[in-house]
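A.B. asks: Residues annotated as transmembrane segment in TrEMBL: 6-26, 38-60, 72-92, 99-117, 123-144, 165-189, 195-220. Here TrEMBL flags 257-361 as domain 'HTH araC/xylS-type'.
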Amino acid sequence: MSSLELIASLGKIIFFLMVLFSFFLFTVKSEKKMANRIFAIFLLVTALDLSGLFLIGFFMEHPNFRILKTSSTLLQMPLFYFYVLSVCYSDFRIKPKHWLHGGLFLLFVLVFKITSISERSLFYFSIVVEVQYFSYIFAVFHALKRYKTLYLENYSNADRTGYQWLFQVTLFFCFAHVFVLLKMGALFLGSEGNLIQVLYIIISIVALFIICWFVLTALYNPQLFTGIKTGLVPVHSILREKETETEKDDETLEAIQKLLHFMENEKPYLDFELTLEKLASHLQIPDRDLSILINHHLGKHFFDFINEYRIDKAKEILENPDNRKLTILEVIYQVGFNSKSSFYTAFKKITHQTPTANRKAALSQ
């Protein structure tokens, strides 16, 4: 099998898998319908782009389809960005303003329709694609950073697994794009056809691996992400909006004492679904005021603030000789955690010990 035949075969496999996965995402029953549909469209657009690996003759004979295929590259990164937003924010919806992200696609459809696709126009097109790519990669990382900040400031059971997974996927996309840049450089410098074909093969294999890993992980681990509300605002932004004095006055100190008294006596941290919004409702104070109180005046993320109470309670249970028969898993659920991994991470961060080591040390005294 020649390298060109191998490229065509890989292209067919990737195309088939992408279409298959997208069909599944459109039809599967899930709470994340918006995210699934956006990613399904992303797969279809990417499949259209990669179809050029084995449908070269077809696109040369049908210039309108070639224009559509070439221009569709400009839809891939906006769709991936929307996918990230739809996973991070449970109430994310496509609004009229989001359609503006398709402006470049429409522009180049018109440009190619008027001027036709030439080497010169493709050169400028590739520059636009690269600028767009890195702009959206930056936007994705910014969205993930904001998501992480908001989650830590508003939720008590923030499992980092989902964030880390999507962060890794984005890094893999960047890694795969290196080979695309190498291919473009080879074409620009007029390198030998063999080198370009090898790069095409590498790109195809990397794309196949990433798509399979991405889709299968998302399907078999739907709990990876718990979306947050789009209306949440980071504490530093609230402080800028308020433009108020941030020193601890008597009113602030009184509010802190009220909060700490409520935590000690009512033990709201035992609720594994506790959020800043829910705690603010219990205390009958505005969400934003409580957010400033904990995240700014106490200098802790809401996530860490709540988990310190949970870990203290866990230590109390583990160090009690009467609770020898209780398993670690039973303790986890008793103190308000709903994830073994997040409990172990928080416990070790606060005590510098594992739960088992802490129990053994306490009971051996």
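Cβ atoms are placed via backbone N, Cα and C, with glycine included.
For each listed feature, how buried is it and what is near it?
C.D. replies: Under 8 Å from some Cβ of the transmembrane segment (6-26) lie the Cβ atoms of residues 36-37, 39-41, 43-44, 46-47, 50-54, 197, 200-201, 204-205, 207-208, 211-212, 215, 219, all in the same chain and six or more residues away from its ends.
Panel annotation: around the transmembrane segment (38-60), residues 7-12, 14-15, 18-19, 21-23, 25-26, 66, 68-69, 72-73, 75-76, 79-80, 82-83, 86, 200, 204, 207, 211, 215, 218 of the same chain, lying at least six beyond its termini, place a Cβ under 8 Å from a Cβ of the stretch.
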A.B. asks: Run through the domain 'HTH araC/xylS-type' (257-361) and tell me, per DSSP, how many residues are helix, strand and coil.
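C.D. replies: Computed counts for the domain 'HTH araC/xylS-type' (257-361) are 78 helix, 1 strand, 26 coil.
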A.B. asks: Please give the sequence-distant neighbours of the transmembrane segment (123-144): residues at least 6 beyond its ends with Cβ less than 8 Å from one of its Cβ atoms.
C.D. replies: 70, 73-74, 77-78, 80-81, 84-85, 88, 104, 108, 163, 166-167, 170, 173-174, 177, 181, 184, 188
A.B. asks: Determine the mean pLDDT over the domain 'HTH araC/xylS-type' (257-361), rounding to the nearest whole number.
C.D. replies: 89
